[in-house]
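Per TrEMBL, the features are:
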| type | residues | note |
| --- | --- | --- |
| DOMAIN | B:113-303 | domain 'ABC transmembrane type-1' |
| TRANSMEM | B:12-35 | transmembrane segment |
| TRANSMEM | B:117-138 | transmembrane segment |
| TRANSMEM | B:150-170 | transmembrane segment |
| TRANSMEM | B:182-200 | transmembrane segment |
| TRANSMEM | B:229-250 | transmembrane segment |
| TRANSMEM | B:282-303 | transmembrane segment |
Amino acid sequence: MAHIELKNITKKFGGHTALTSLNLEIADGEFFVLLGETGAGKTTTLRLIAGLEKPTEGQVFIDGVDVADWGAAERDVALVLQQYSLYPRYTVRENLEFPLKPKIRRLPDAEIKDRVARAARTLRIEHLLDRKTDRLSGGEMQRVSIGRAIVRKPRVFLMDEPLSALDAKLREALRTELKNLQMQLGATFLFVTHDQIEAMSMGDKVGVLNHGRIVQTGTPQEIYNNPRDTYVASFVGSPPMNLIDGKLVDNRAVMAPMNFELPLSGAGNAADGRPLVFGIRPEDVYLESGAPVEAHVHDVENHGVEKILTLRVGDTMLRATVPARTDVEIEQPVRFAWNPDKVVLFDKGSGVSLRHAS
Amino acid sequence: MAAVRTSSEVALNRAAIVAVLVATLIFLAPIYWIASTAFKPKELAVSVPPTVLFQPEVTPFIRLFTKRVQMQKPVDPQVYEAAPWWEKRIYDGGERVLKVGKDVQLSQYPNRFMNSLIVAVISTVLAVGMGTFTAYGFSRFKVAGEADLLFFILSTRMLPPVVVAIPMFLMYRMVGLNDSHIGLIILYVAFNLSFSVWLMKGFMDEIPKEYEEAALVDGYTRMQAFFKIVLPEAATGIAATAVFCFITAWNEYAFALIMTNRRAQTAPPFIPSQIGSGLPDWTTIAAGTFLFLLPVAIFTFLLRNHLLRGVTFGAIRK
């Protein structure tokens, strides 16, 4: 198992810059999730670690050793992709054996047999061993892909959206399985995804990538409760954090477009009068008859355990998560308030959270 | 295909079948003509109207493979009785088989046929092999001036090869490549290479590079990954390309006629050269042509599954 470090990595493809001075550290045995939208540079980061791409600038360290001159074969990492990581002409068994048979680290036959059997048992694919891979379902294919990675006992597992091509039910099941597997193996995982739910539910640590830059790294809780900027705030969480433009005047948040006000204490005077963005999670917005602001219910989404309301104040929309028993109708006037302790203040110009700025 | 079909779909389907049958008949007619002539008695070959029903015989093939001379006087009955069945067929035609001592002298046909095989097989292997590697390189690596290079490769096909036949002949004679297998092989590889590169490039582009990358990460070298993963995946493309290259090399006439006359002459220029003067022996020529058609037919038949997928350019792979 291994410790991974990326130092000051820049990667350019012709005129396009995929990654800009990226720094990243993954501790030994950690489940690290790299979260970002399509084109943010997640896959590039993964390929740099795998040795399939060379950085334009910067260094990659595996266990403290600069691996710039190591090919993909020597790095001893395992790669699981969204698709195409199984060899179509081989059976499941042959696919699992394949990583154990290269010349540079060919294992004895008995050992190969043993490892394949163990991996098959771990992933519950024993009954599929003699099947050709084109006769597998999507979930079975991904299990075999993961199997191809675990037979080798690599130093690090690199996973490029391995669950994205699966349907929702299966995705959920494999999410849990994968997390359990990682804990069981005690292995270092780098998991790339655009799905913030996967990131939050699986990661020990999450790195949010935006346009080739790491915006924030931290535990899922840190990222969720204390986003570094408005990008992270709106990307992580479903529904995302409400972001409302306004100003702070005498411990009150004054929202610019519609001039509604909410109490806010403890933000300090430094922020007074500056153009700000107030961030509040939907679950920290609540309805109350005596609450300070009136809004209209614009939309109701029933999620079973809760309802997600879209509230309209003038032109401003904001989301509120309320208990399912709350009885509201569209266009009904309601009053709402927020939990002032949970409000995150962002600078309007830079988008950076005031807590992170200092 | 939908399980339930409307009557108009059924009608359309029937019409399509009829159209395909008619087209097949039209295409097969000359083949039938060659095949039937190859088994006809000599007198019936040029009969008007053409004879459709006749007692098939293999005499044209015996004539094809032997050297014969016209006999001045009828054969001695004892000699005739002692001769094997195939020799009798020749005596029946008023000819005798040339022999050196006891050994029957073979005609040049088997030799020319072998030349065709040697040249076509070797040039196909080379053209497809080089094409496959070149296509892989273009498909997987950043090549400086890739588009220009590919265009250059394609441009070698923009001129009908026959246009340069005379200069080629002079050059070949100067370096001593005329009338040699290697000379023809070089020519046919040159004709087929651009086609092979372009066709294989299409197939290579279709193979997800993730397969090789997975192999690279698993500890294999690029070369091992190529042979273990890419090549089996490219088999369909290779088969299709090989059939096309083989047919081109096998059927090539003009250069074979100009560049070779004896040692390395292939079957296409040889067969018509046997027409000779006087009354041409069409049945023997048909027999030679008929045998000449077989290798391509067999080759294509063996690769038919690959070919069907190959000519659709992998469109149904995904």
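Any Cβ shown, glycine's included, is placed from N, Cα and C.
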Within-chain partners of the transmembrane segment (B:117-138) [C-beta distance under 8 Å, separation at least 6 from its ends]: 146, 149-150, 153, 181, 184-185, 188-189, 192-193, 195-201, 203-204, 226, 230-231, 234, 238, 241-242, 245-246, 249-250, 264, 266, 295
Contact check, the transmembrane segment (B:182-200) vs the transmembrane segment (B:282-303), 3+ Cβ pairs under 8 Å, seq sep 6+: no
Which sequence-distant residues neighbour the transmembrane segment (B:150-170)? Criterion: at least 6 residues beyond either end, Cβ under 8 Å. 134, 138, 178, 187, 190-191, 193-195, 197-198, 201, 254-255, 258-259
